Amino acid sequence: MGGLDDFCNDPIAAQKLVLAFSITYTPIMIYALKVSRGRLLGLLHILIFLNCSFTFGYMTYVHFQSTNRVALTLGAVVALLWGVYSFTESWKFITSRCRLCCLGRRYILAPAHHVESAAGLHSISASGNRAYAVRKPGLTSVNGTLVPGLRSLVLGGKRAVKRGVVNLVKYGR
């Protein structure tokens, strides 16, 4: 990196600046993946994908002009792997958001996995597109979450009750 003296005259100064921010904030974003969920998690995956794709492109461009090709090759491989992972997670996030938009206006900001009940929308934890709903006299629970007056269940942006995906046991034990 150069100093600020030749910043305006350097033709690739903007690329160097973006790369510096990319290298600095990528570990912070990766840690934020552990502590975030929902819409923030999806947006973080999109940011990390853009970050990794820029870093990969810059490293492959510089690779052919550098003398230390091993380090750049390893960095490009790591950026490529993180980019592929973030792309798949971003794709899941975008498709679930689009499915929720297709359900109607009131579902646009809803969680991807939720239960619609008499009291409103309740977020549930679901592994994949599976949930287990149990109705007993006096209560209904979905994946261990008590739900007053179950109306419908949405998993991954799709209504699950109408599709027969949910195990609904009436008066189970």
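Backbone N, Cα and C atoms are what each Cβ position is placed from, and that goes for glycine too.
Since we're looking at a predicted model, the values are computed, not measured.
What Swiss-Prot says about this one:
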TOPO_DOM  1-11  topological domain 'Virion surface'
TOPO_DOM  33-39  topological domain 'Intravirion'
TOPO_DOM  61-69  topological domain 'Virion surface'
TOPO_DOM  91-173  topological domain 'Intravirion'
TRANSMEM  12-32  transmembrane segment
TRANSMEM  40-60  transmembrane segment
TRANSMEM  70-90  transmembrane segment
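Sequence-remote contacts of a segment are chain residues at least 6 beyond its ends whose Cβ falls under 8 Å from one of its Cβ atoms, and for the transmembrane segment (40-60) they are 15, 18-19, 22-23, 25-26, 29-30, 32-33, 72, 75-76, 79-80, 82-83, 86-87, 89-90, 93-94, 97. DSSP places the residues of the topological domain 'Intravirion' (33-39) in helix, strand and coil in these numbers: 4 helix, 0 strand, 3 coil.
Across the topological domain 'Virion surface' (61-69), the prediction's mean pLDDT works out to 70. Remote same-chain residues near the topological domain 'Intravirion' (33-39) are listed as 45, 48, 109, 111-112, 123 (criterion: CB distance under 8 Å, separation of at least six residues from the stretch ends).
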